[in-house]
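To start, the structure itself, in structure tokens.
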């Protein structure tokens, strides 16, 4: 028990210390939001990876998908590494950095406005970001709180009779995120991401070793054999593509292709220093994803060997916390708590930063008060950071499945943005109407589909929204009016033309 609290105290002190240190490096909103566009390969790659993987994957996704799909759930981790990291960096990073730099844009809504000459698209995108990243943030709070409740709060209550509520844990997490982000912005976030990423790698390697060698598993070969013998479902749990291949494919698409349209992920490409940093960052980010995502889903696939549905009250979000508490020694649980806390804090800080900038820079300054001074923009951004944290806490208090909250968020945001952003980067023929159609259809498919088919089907609906949007944009663009040639030349032409548009 003492070791767990000691690790936690050290971690909190480091995070706050980095926030205080980073405050000195923030002089304007560009420093706060992008770190001066001067981030190196390691910091950029770790910032991408730690934003990608949070308590949602370690607690909600690894546990629930491991329970449903068995050993084949590792395919999700492979998809995350190849499609969500490697191809994302290869296809999007260099182009995104160059275009956003040349057009002088700092956010995805700003990019939509400049690329499609549409202030309305910027306004709608800003609102979607602020509203629909809240459930994602809430799912992170929930995942983190499930772990801390099981590993710290329950033992504390049993030992000395002090009871800490689930809501109180989430409140502390929200406050901690707010403190270091409000102090140092993206600089604090990026430095902490590097520290947290190293902790995550150490933690996941130790977790795999202890879980696989635990008596309940008995080694990899024996563990797979024991999974196959589970009554009614065992055979399906060891098939190459599991008992539900289509549902597995939907999860791979949602969690891998989805990153291409998520502003908190794309944001990392704006801040990379140069092309050389992108090349190195691509390798680092991919290896990080293989270790973290592949490792988390691999561990989750053995959940049925540690817990029963009765033991967790039918709540699959409790599978991983329960199995880790029984599989790991006390000192290692301290490291695991820090691992999940690290993953969660980095994700939360990125979500808060992207969401607050969507309202402060894209909506309030960009639309209503274009001459607002830098100091006021930074103050407004910090206020909105605090509001977003508060809204996320309120949503997190409402009982919901982590998988449902995260899938709704990713489906709505990536379904709306992926196609307009991807085609906007590469295809001159993408029209304003085509981009609007992709955004609207993707959003309606994700949100409307979840309402029609039920919230339990949000992963399938979210994946479908992305694919449909990718089809709609080029089809509509082929039959609608092109943007003026002068505008297209400004977007894709020489640097002087781009600077005219940026100004």
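Cβ from N, Cα, C; glycine included.
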Practice prompt. Using TrEMBL as the reference, determine which range in 218-236, 408-426 is annotated transmembrane segment.
Written response: 408-426
Worksheet item: List, by number or range, the same-chain residues at least 6 past the transmembrane segment (433-455) whose CB is under 8 A from its CB atoms?
Response: 112, 115-116, 118, 121, 124-125, 128, 401, 404, 408, 411-412, 414-420, 423-424, 461-462, 464-466, 468-470, 472-477, 480-481
Item to complete: Could you tell me whether the transmembrane segment (245-262) and the transmembrane segment (461-481) have 3+ CB pairs under 8 A, leaving out pairs under 6 positions apart?
Response: yes
Worksheet item: Which listed stretch (42-63, 69-92, 123-144, 283-307, 408-426) has the most C-beta pairs under 8 A with the transmembrane segment (245-262)?
Response: 69-92
Fill in: Result, the transmembrane segment (408-426) in contact with the transmembrane segment (42-63) (3+ CB pairs under 8 Å)
no
Worksheet item: By a Cβ-Cβ criterion of under 8 Å, what residues six or more beyond either terminus of the transmembrane segment (408-426) are in contact with it?
Response: 92, 95-96, 99, 108, 111-112, 115-116, 121, 125, 128-129, 132-136, 139, 254-255, 257-263, 266, 434-435, 438-440, 442-443, 445-447, 450, 455, 458-459, 461-463, 465-466, 468-470, 472-474, 477
